[in-house]
Amino acid sequence: MFLFLRQLAKTLAMGQGLAGLICGTAVSSQYLAAEFQLNTPMLQSFLNYTLLCATYTSMMICRRGDGNILQILKRRWWRYLLLGLVDVEANYTVVKAYQYTTLTSVQLLDCFIIPVLMILSWWILKTRYRLTHYVAVCLCLLGVGAMVGADLLAGRDQGSTSNILLGDGLVLLSAALYAVSNVSQEYTVKNLSRVEFLGMIGLFGTIISTVQMVILERNELSNIIWSWQVGLLLAAYALCMYALYSFMPIVMKMSSATSVNLSLLTADLFSLFCGIFLFQYNFSGLYLISLVVILLGFIVFNAVPTPTATATSSSSSSICEEGCYENPGATEDASNRDEDPGRIPAEVEEEDEERRADKTDSSRSFREETDGDRTVERSTKM
């Protein structure tokens, strides 16, 4: 129990660091859109992928053998191309959503990633969930419903309900794409390597984001009014996103994609307070209710471990083995065998004693018969 609570606390602590980074990206994006009318999601993503490429792709280039980038591209280039496309579009849609909806809504609607992650983890990673986990997810979705209701009531920020719905839809699409990316990330870091995942994402992400930026945002790029505030906010976003990408695989390797994303839901608390104090959002009781319900779902989910199909079958085998020793005598014999591997079982010793006794009796009878024959011979001679 202590080890479980310790692991849970460790996951929460590491998740809080990631949550702070997510809050940093959210605040910087919202500030760029609200204060400087800078709506360039592909530019922001391009900066992040460029940092990843410069760091991790360069490391792969310097490697030799099977870990070299050329060897990996020969075997799995098309998979990483698709994964890079999914990741780029996930970042694009979530940053684009900041133009149509509020910061708090973006953060809370991101919890839609949880049910998608559970489905993909069950299918791809063979994770098996229990009834408690599904109840926890339902609680999180109830929190999402409360948040959407509060967001619709706060339509003053966008001026029309259609814009709010568009922004919320983009967030939900981004959450689904992030789920695909996170499951792929968990599989890669647990079976291959963290550097390979980040290096390939950095390489293909840079290429895809560059093409998409030139096609979709060339007018916005030419109209940017550069200032030190704009540069600082772009740098803050890129560094927070780069740190998030770098540390996320470490935390994910120690736990799971679903657990990490549940822990990241606490970032909504940071975003809520930032939205109130930085962007003058009017506080609604539904925000607080949604946060409480989501946090309750997070606690319930983590209260019960999530075994995999392999682990479940292994534990079943262990239970069967333990069940074979329900007989106390068998248990005692098994323990005796474990304590002294060279010890002769009691049954064998008894059989040996019986054989020795039979041999002794046979020898006695043979000697008696022999002595009797000799006595008869002497009497005959006399």
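The backbone N, Cα and C atoms fix where each Cβ goes, and this holds for glycine too.
All annotation found in TrEMBL is predicted automatically rather than curated by experts.
Looking at 12-34, 35-57, the range annotated in TrEMBL as transmembrane segment turns out to be 12-34.
Among the recorded stretches 106-125, 164-183, 228-248, 285-304, the one sharing the largest number of Cβ pairs closer than 8 Å with the transmembrane segment (132-152) is 285-304.
Within its own chain, the transmembrane segment (164-183) has Cβ neighbours under 8 Å at 83, 86-87, 89-91, 93-94, 96-101, 105-106, 109-113, 116-117, 120-121, 124-125, 148, 151-152, 155, 158, 252, 257, 260-261, counting only residues six or more beyond its boundaries. A Cβ distance under 8 Å defines the sequence-distant neighbours of the transmembrane segment (106-125), meaning residues of its chain 6+ beyond its ends; these are 22-23, 26, 94, 97-98, 133, 137, 140-141, 143-144, 147-148, 167-168, 171-172, 174-176, 178-180, 182-183, 186-187, 256-258, 261-262, 264-265, 267-268, 271-272, 290-291, 294, 308.
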